[in-house]
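Just below is one structure, and these are the notes that go with it.
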Amino acid sequence: MRRLYRKKALSLVKELDAFPKVPESYVETTATGGTVSLIAFTAMALLAFFEFFVYRDTWMKYEYEVDKDFSSKLRINIDITVAMKCQHVGADILDLAETMITSNGIQYEPVIFELTPQQRLWHRTLLLIQNRLREEHSLQEVLYKSVLKGAPTALPPREGTATEPLSASGFHQCIAVYNFSHRIDHLSFGEEIPGIINPLDGTEKIASNHNEMFQYFITVVPTKLLTSKVSADTHQFSVTERERVINHAAGSHGVSGIFMKYDTSSLMVTVSEQHMPLWQFLVRLCGIIGGIFSTTGMIHGFVGFCFDIVCCRFKLGPYKPREVNAHVNNRAAPLLTDNHVQE
């Protein structure tokens with residue numbers, strides 16, 4: 001009984017076969033079919049090869065939510081060079097009520113404001129990168145994924161620093177005259193991430209008047225960066241620049257200096273690196289192979305059908321009429337008469 005049930009089950013499964021097999025004696029191979037098959041297999045191999053690179057690539061996903069962190073403190077990282085001697089330069093951090101928060105943690109180092117040719121070349125390259133980042137925002141994703149080692153905005157060391165005397169500035173010899181010409185080598189908020197270029201990195205302002213005000217209005221956005229190489233809590237920011245000469249007689253009031261006013265956003269951005277899952281890659285690969293196989297089969301059948309119609313219409317190729325040579329035998333068969341009787 002079990003064998004009988006097995007035979008019935010196998011026969012039922014055979015009847016449900018959606019891929020019937022055709023005997024090889026019924027299949028005819030042609031040169032055109034072989035050519036189409038070769039083209040199809042080549043296209044499959046190329047598209048599967050390129051699809052593998054798409055599978056290996058990643059993209060950045062941006063998610064926005066309300067920032068619920070009210071207890072953490074904001075870290076400010078700044079490296080700025082001012083064209084004045086250190087004893088005439090001061091830096092303070094004030095809140096909205098103009099109350100001093102702190103002035104500790106700021107280090108003053110005497111340097112030469114003028115750049116060497118090598119440093120000037122590096123500075124121009126940095127400004128060129130900044131312009132490209134403003135035009136093509138997708139380049140920022142490349143920086144997120146690469147996370148270069150070191151600080152890309154740091155100026156190369158000055159050659160021959162031991163023999164060059166440190167001066168206040170290359171512009172003024174009189175100490176009583178202020179010069180707020182400055183260069184922002186680096187400005188960031190939160191945890192420093194190597195390889196990230198911030199909007200104000202490399203900004204250089206040359207004061208045309210000794211009594212000039214430079215203002216930077218900054219909006220800081222908390223950001224979580226989650227990539228395959230780094231996981232950090234940092235901050236992005238946008239900036240609006242403004243500069244004007246203080247002239248009380250002309251109605252332009254204020255205090256000369258360099259002012260950076262920042263405000264934090266209530267939204268937090270999560271930037272995460274996404275990767276195509278393996279199952280999606282396999283589905284896309286099956287779609288490529290099946291699609292090309294079906295499409296080339298339909299195209300080959302349609303072209304063959306049109307070729308048969310044209311050949312049949314104009315009597316070409318296999319539809320060309322063949323010449324038949326008819327051989328007629330002129331010999332007449334002998335007739336039987338009454339005189340020829342077979343005994």
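Note that Cβ sites are derived from N, Cα and C of the backbone, with glycine treated the same way.
Nobody curates TrEMBL annotations by hand; they come from automatic prediction.
Positions annotated as domain 'Endoplasmic reticulum vesicle transporter N-terminal' by TrEMBL: 13-99.
A mean pLDDT of 86 is what the model gives for the domain 'Endoplasmic reticulum vesicle transporter C-terminal' (175-299). Feature annotation from TrEMBL assigns domain 'Endoplasmic reticulum vesicle transporter C-terminal' to 175-299.
According to TrEMBL, the transmembrane segment annotation covers 35-55 (among others).
Taken from TrEMBL, the feature transmembrane segment applies to 281-303 (among others). Note on the transmembrane segment (281-303): residues 32-33, 36-37, 39-40, 43-44, 47-48, 51, 55 of its chain, located 6 or more positions outside it, place their CB under 8 angstroms from a CB of the stretch.
Same-chain neighbours of the transmembrane segment (35-55): 276, 281, 284-285, 288-289, 292-293, 296, 299-300, counting only residues six or more beyond its ends whose CB sits under 8 Å from a CB of the stretch.
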